[in-house]
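Encoded as structure tokens, the structure appears first; notes follow it.
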């Protein structure tokens with residue numbers, strides 16, 4: 001009997017374990033499928049947005065055709081020989097168009113009138129590849145003749161060798177040869193076809209070069225900012241190269257990332273970039289930065305390339321590309337009546353840094369003749385000591401004594417972790433939003449892998465509702481109200497504070513972290529995520 005009971009108990013234990021394992025496996029698979037569906041939905045949403053943008057572009061192109069019809073109508077007015085070439089329907093259309101007086105919209109030809117001299121000025125002189133479209137990420141690599149050493153082959157190997165098979169189907173690498181010497185261009189193409197024949201035939205790699213007629217006369221440029229005539233010509237041509245490459249790449253994918261021809265990359269870079277972008281799909285960012293150096297690793301949403309190219313064309317002779325990009329952000333969000341700190345906070349919402357850097361510059365000899373550049377990205381080998389999120393625009397302040405420049409402002413903007421000397425009772429960290437925000441949840445993480453013991457202890461999380469009166473809140477929430485109008489909604493446990501915000505408290509004017517008791521350790525804050533409500 002004991003044996004039978006023991007056998008039954010063993011069988012029951014086995015069945016229970018099996019059912020538990022089956023349930024967990026089903027739940028885990030369901031969770032993974034849900035995450036995959038969410039990513040597919042975000043990608044679909046982004047493609048719909050791009051489709052809307054392209055419809056708008058087509059409308060603009062049709063308007064241009066209408067303007068051309070008007071010019072034809074004006075030029076053929078009174079010329080019977082010319083008019084006899086058109087059908088009755090065309091003559092009727094020309095008459096209708098010519099009779100309408102509408103304003104002319106300026107185009108890029110105003111800034112680059114030389115393009116009108118040749119119909120093929122905006123068509124690649126050389127174009128190798130399958131013309132792949134519909135990918136997530138387009139990588140643009142401009143390359144020009146270097147006097148000492150070319151790094152292009154090594155760069156492409158680094159990019160391609162660090163892609164998984166499925167990732168190779170979801171991107172395209174466009175190599176732009178910024179030279180008009182057709183023999184040189186064909187030589188580069190031959191080398192690339194020999195080294196990357198499989199990648200070119202599959203559609204992963206494309207190679208283009210511009211026609212000579214694309215470039216204006218660059219011999220009489222104004223010298224500015226103390227740059228020599230040669231350097232001014234170099235940076236001006238570089239701006240034009242970027243524009244041609246962006247225009248070609250825009251129709252190919254959801255995102256466009258600007259690279260250079262003398263870099264190496266980290267493992268898993270593609271998945272990291274794509275997931276980071278998808279996490280920010282609900283935010284109004286303009287630039288994601290995956291490197292600290294120059295124009296390397298700067299990623300844009302494809303529809304935004306139109307504005308960027310137009311802006312660069314307007315000022316391509318005036319300043320380098322990185323300065324022009326900063327000017328675009330300034331024009332979009334900075335208020336001349338506010339101070340520089342306010343402007344930096346606003347720009348930080350459009351220009352988001354990812355840490356650590358995914359791309360490292362390795363070229364010693366610049367494409368500018370005679371220039372040696374020992375530039376390396378210091379963040380490339382650094383461990384990830386902070387986690388970046390996009391938070392609502394806010395003015396931040398603290399009573400804590402900051403250690404070695406690890407400021408709260410840098411943490412909130414995703415540039416560095418916050419590090420402060422031993423907190424005492426009464427110390428605070430304050431995030432005062434520029435305008436009231438509906439907040440869904442919050443997460444504050446203290447300490448990091450280098451200093452895991454520097455955490456916030458005996459610290460509470462408090463919010464200040466925008467409305468001080470008339471709040472329809474529960475008794476439980478009401479009991480959390482403090483004398484100064486803040487509500488205590490959470491606290492740090494084991495260095496972490498996270499939770500949901502009672503919707504009845506929204507919109508929120510400020511978040512505050514308040515130290516209740518003296519601490520025996522310093523404090524690091526390496527993650528701040530104040531998540532806005534979606535509705």
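Cβ coordinates are placed from backbone N, Cα and C, and glycine is handled just like the others.
Predicted, not measured: the structure shown is a model, and the values here were computed from it.
Here Swiss-Prot flags 28-63 as coiled coil, drawing on sequence analysis.
Look at Swiss-Prot and you will find 77 (among others) tagged as N-linked glycosylation site.
There are 14 other Cβ atoms within 10 Å of the Cβ belonging to residue 458 (N-linked glycosylation site). In the three-state DSSP scheme, residue 458 (N-linked glycosylation site) is classed as coil. Marked as N-linked glycosylation site by Swiss-Prot: 458 (among others).
The annotation phosphoserine is assigned in Swiss-Prot to 474. When Cβ atoms from all protein chains are considered, those within 10 Å of residue 474 (phosphoserine) total 10, not counting its own.
Mean pLDDT of the predicted structure over the topological domain 'Cytoplasmic' (1-4): 46. Per Swiss-Prot, topological domain 'Cytoplasmic' is recorded for 1-4, and the stated evidence type is sequence analysis.
The topological domain 'Lumenal' feature in Swiss-Prot is assigned to 28-535.
Summarising the annotation, Swiss-Prot assigns transmembrane segment to 5-27.
The separation of residue 458 (N-linked glycosylation site) from residue 474 (phosphoserine), Cα to Cα, is 26 Å. DSSP assigns residue 474 (phosphoserine) to coil in the three-state reduction, placing it in neither a helix nor a strand.
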